[in-house]
């Protein structure tokens, strides 16, 4: 732990050109297509995108939990300098839940109904540290205290159906953090919860992350959650990252039309709004992706070149990386200021 | 502090294992089902007879008594005697343990193999699934009694071979049900969650999937015992199961066939015994099914 603190810039996980596809009878479906990112030690990276953008598949690829007919087709995932894709299944089992943990979206169904909360937290210690049931349960009690579950001693013997959604998610966090992982992957951890409980759980996750010094990969479709929690943000669209920036830059100066569209569709209280803004159209089906920019069919600025050719993710010099022709010198259209011309700040729509 | 302790203890009392809760529910529903309870009581009675029966009946079920052969029911011989003068009542009581032994053991063995095949098939899917399930389909394609006949014909007639034959033809029935249940449970999020925790396949299968698919297995096992008893008697009736002079009901029925017109009691009582046991298990099994999983009710 100490050497992690000494070296803040150390990268915990580096994902490079990750490609995960599903091979169905209709052909290859590219769910994740050339994704790059890294998470520095102790920092949080948010992956944002609509349903079907490939963010959960990215998480499952890191855990090596993609099931047939899916397969990680290419790229590399480097965790603490080791290539996860080269690991055997047995080696991966020692990493899962121990070095890299995951929290799932649905606290209602992510706990086994026939075992107590204590049993399920203890299982982590039994698998990874070979503790006896009794020792494991003692440590489980400590975890319940850590995640702020009231009267933890009694809750240890509670079954999942006896707990509320928020309490179950706390229990899930206790299970995930039991072995003190270096990386926590949270896949929409608050989506299924009430708004007030969401705030509590996010606060808890944030605090624990700081206290335990772990890195986090937060998958969400909620930009509000990103603003509260993340240090860096990757915006995903149809299997590709379209914008990658630190959180302040992204919110202050979004560059990709999709990012701006997402920001614009957040409800705002500083202006009068008759109705919520939307990005028109649908995410393209992963088995029928456009050849050019994947956002082109929905983009208000799209030109012929956007439909024909896919832009690269290019460094903008100010910390932003954007995948959009507008921000290249090849752009052949009139000058566009995505933010203003999309009407993000004014939020007026004809 | 004192307050929390009180709190904890009251909560402790309310706290019940959902399986226990489920068990209580099942028991409550079973008790309301008079037919199932009648079946259950009969089964318990039969088990008691099977265990203590041989100790309390007088006489030897195998010893011939030529002087009293072919006698009708009387106060001395409640169910009469057969063509060797053996007391039919004593023989039926002794036959009870044979019948239950075949029924329970063959279903148990078939269930173990069927559950393993079904769970492996449903969990791993793909080629393993295809190989196992097509093999099961081949076994299912034969009518049960025909398959058992074939197996006993190959292995030779004896009680143990009957058990082997019935076990084998019970395997695909369990395998199919277990595979289906496994498929539905393995897609649940908590299975993904324990996999993300680093649990091995073995741990996931036996600790997390199996306990959640017990209901259909229990129901099927109860109903299969009736089938097993009937098949075993059938095989013995055909001379392929228990060999004379074993007091097996199917064999007794076969022996009584020759005296059907003059002395029907020789065939009647073993036949009644078979009917009662099969009926008891069927009634009880139906009740268990309705109580455990109302969705299975057809």
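First residue shown is number 1, and so on along the chain.
Backbone N, Cα and C atoms are what each Cβ position is placed from, and that goes for glycine too.
Among the features that TrEMBL reports, transmembrane segment is placed at B:34-56 (among others).
Among the features that TrEMBL reports, domain 'ABC transmembrane type-1' is placed at B:96-285.
Annotation comment: TrEMBL describes B:98-126 (among others) as transmembrane segment.
Here the transmembrane segment (B:138-156) has long-range neighbours at 162, 164-166, 168-169, 171-173, 176, 227, 231, 234-235, 238, 240-241, meaning same-chain residues at least 6 beyond its ends whose C-beta is under 8 angstroms from one of its own. For B:138-156 (among others), the entry in TrEMBL reads transmembrane segment.
TrEMBL lists B:162-178 (among others) with the feature transmembrane segment. Under 8 Å from some Cβ of the transmembrane segment (B:162-178) lie the Cβ atoms of residues 102, 105-107, 109-111, 113-115, 117-119, 121-122, 132-133, 136-137, 139-140, 142, 144, 147-149, 151-152, 155, 213, 216-217, 220-221, 224, 227-228, 231-232, 235-236, 240-242, all in the same chain and six or more residues away from its ends.
If one looks beyond the transmembrane segment (B:221-242) by at least 6 residues along the same chain, the residues whose Cβ comes under 8 Å of a Cβ in the stretch are 98-99, 102-104, 106-108, 110-111, 144-145, 148-149, 152-153, 157-159, 161-163, 165-166, 169-170, 173-174, 248-251, 253-254, 274, 277-279, 281-282, 284-286, 288-289. Sequence annotations record features per position, and here TrEMBL assigns transmembrane segment to B:221-242 (among others).
According to TrEMBL, the transmembrane segment annotation covers B:266-285 (among others).
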